[in-house]
Amino acid sequence: HSVSRASPNLTFVPACLPPDPLEVEELQRFVSNSKRLFVMTGAGISTESGIPDYRSEGVGLYARTDRRPVQHAEFVRSASARQRYWARNFVGWPQFSSHQPNKAHLVLRDWEKLGKLHWLVTQNVDALHTKAGSQRMTELHGCTHRVFCLACGDRVLRSELQEHFEALNPTWKAEAFGEAPDGDVFLTDEQVRNFQVPACRKCGGILKPDVTFFGDTVSQEKVSFVHQRLAESDSMLVAGSSMQVYSGYRFALAAREKKLPIAVLNIGPTRLDHFASLKLNSRCGELLPLIV
């Protein structure tokens, strides 16, 4: 209950008007008419928990800096890229892993319990839906709370790996200047230089977070599974996503093909705006709790 009473952190949320009562009514009607609602969430649902996103106007990473996330091929190919990634992740982890679900996450969990929500697909890797208690869910791009070995597939919790980092780097210290999405922080090359990265405890292979990096693809097995859940659904709600990334957008295209009604709740334009049945420009944590 403390989460639902907590004030949202609006540092990384673009400015927007309060929900229009007519829009609330329209979304209420949309949800009430749905018997098997398919929900897809993006970074915009987690910004109110204090996690920055990439694309929000004025406050997203791309608007604030010229920095870009690590590419899959670079991470796999380059030891220095992995050192840079893990050093920044090590510094950012304590804060990133402590973020808590906001009202929007809790509403979606409640809809699942009430039988309103058939399946939830999140593009986020922050584990906030899991922390909120959602179970009928697919993490489309994986989760930063898990790590695996690229060679043997051995898995380890990210929290456990933090202890290995600490043991390998007892005197290493770095102060971050600025927080980025997905547990990343800003560090200089000089700060990163002496950071030691552990290898797989079983085979000595390369450790990678269990997430789909930019330039990588979601497994065909997972894509097929999500298409099956969508095929069982009768409507689609997109919450907090501009749907710029094709891995998520493909499901909206599939929903359109099936002639499912699609509602979009996002501050700013999305790729769905020209074919969505309903488009709402509001904060997820402000509008979703008004729907009963």
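Going from the start of the chain as shown, residues are counted 1 onward.
Cβ coordinates come from backbone N, Cα and C, glycine included.
Any TrEMBL annotation is an automated prediction that lacks curation.
According to TrEMBL, the protein carries these features:
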- H141: active site, proton acceptor (ACT_SITE)
- C149, C152, C200, C203: Zn(2+) binding site (BINDING)
- 17-292: domain 'Deacetylase sirtuin-type' (DOMAIN)
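Looking only at other Cβ atoms within 10 Å, the busiest spot among the binding-site residues C152, C200, C203 turns out to be C200. Every protein chain shown contributes to the tally, and the Cβ of the residue listed as 'active site, proton acceptor' ends up with 23 other Cβ atoms within 10 Å.
Across the fold, the C-alpha of H141 (active site, proton acceptor) and the C-alpha of C152 (Zn(2+) binding site) stand 20 Å from each other.
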